[in-house]
Structures are given as C-alpha cells and as structure tokens.
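Report on the structure given below.
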C-alpha cells in the first residue's frame, strides 16, 4: 500500500493535488516582498512546501503519513505569528515531528504542556486523512508527554524565564514537517525511507529551509541532533548561503547520552557557541 502526504479529511480527493492549498497559499504575500512581516513570509514558505509535499507518494515501509502543517495549521500559525514578528539571529532546527509533540500541537518539539502553559499557544486541531489506530491525533488533549519536547522547552524556560526572551533572537523549526509510520504504527524518520523517496523528500525540504533562512535573516543554524546539523550544512552550502551551522545534542530518550544530564550538556554547548548570552539577556 502506498501512503500519500495527506490534506485534511474535509478536502475532497479532487482538491488534494493543490487547488485548496494553492488558494490558501495565495492569502500570504509573496516572500520576495519587502513589506510583509517575517511571520507572513515564513508561513508562505511553509504553505508552498505543503503544496509540493502533497504530491508525494511513499512506498513500504511507510504506511501512514501525517502533516501537522495541514491538520494542526491553526496552532502552528498562532506559534509563528506570535513568535516570529522580527528577523532572527539563531534558528534551532529539528529533523521532523514526533508523534506526541508537533504531531499533536503543530509546534516544533511541541510537548503539550510546554506549548500550552509556557508558550501560551493553542488552537483547534483536526485529523490526518488516514489515522493509525495506535497513533491517534488528540491535539491538546493528548495525554502522553513527548520527552524530547519536554526536555527542549524546559531548558529554554529555565534559561530565559519568559518565551519572549528566547524568541527575541531565536526561532525553532523542523527540516521536514511530515511524520511517517509503518504498518504497526512505529515511527519512521526520513532516514528510514528508501533512498529514492528520501532524496526527493529531502531536496524539497532543503529548498524550503534555504528560503526560511533567507526570510528570517538567520546568521546561525543550530541543528538539534547530527542529522539536522549535517542536512542544514549541505543544503545551505549548495545554495551558497553564508550561514554558520553548528549542532547540539538531541534530547531524545533513545540517545543514551541524553539520559545522562542532557540539560547540563547542552548548556555547555550553547556557551561554547556563544548563544547563551542571547538567551539570558
């Protein structure tokens, strides 16, 4: 069975290949305009990315594909409009959403409690067109806590106190917005995809990343985990974009090192990168 990058269930199959998303996309100003806000320009990049991703079809082992930039667009747009009102010096870059984080809330590393209670972001969340019975989308009613997201935002809450302090200079984004699962509901990362499908997907996401970096005026991309760091470096170098790319340890509990004091390790990494002063000032 092939899995498609889905649009919301309320969109008909005839509309799936772009008419609805094209109309939605046209509501956001041209990213080349000098008059719109960084948030509007950033959202335009993401809507154009959605349009390209909606045409992809994935083969085994992928059986289910979720795109929270479609069914959780409302809280995602709220996140961008709230915290992307100005250009950003630093972009923290994740790989792709987790099933109990951004998949539920539309916010990168979006563990429900931190998104709702610290970031103060909420919004209606619908459903993917096809849901795995073990990976239901419950939005802000999701009872599971994503460990990676909880660790990530807890660190910056501790460092910054208020989200406005963090977002004064920084923003958080994922390289790929799609979530992949096999027949059992096991999470698959982009690296688990067959090479041809993976290469096509990542090239599309690379292009969108380069556009986002330009739109935000980013000077430093910090990959959260090795994949994000390496992918960002490759994409930006290929486009001749002169931006520094560094990395920090991923907070995933599947990373044994992250279970041995991730917060302390990453505080040290941020200090070495010269970013800590941006987060505490």
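Glycine residues also receive a Cβ, built from the backbone N, Cα and C atoms like all the rest.
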182-198, 199-215, 216-232 - the range that Swiss-Prot marks as region 'DNA-binding': 182-198
Listed in Swiss-Prot for the substrate site shared with 95, 174, 250, one of 109, 140, 156: 109
Three-state secondary structure, which DSSP defines for residue 174 (substrate binding site): strand
Tally of residues which DSSP labels helix, strand or coil - the region 'DNA-binding' (182-198): 7 helix, 2 strand, 8 coil
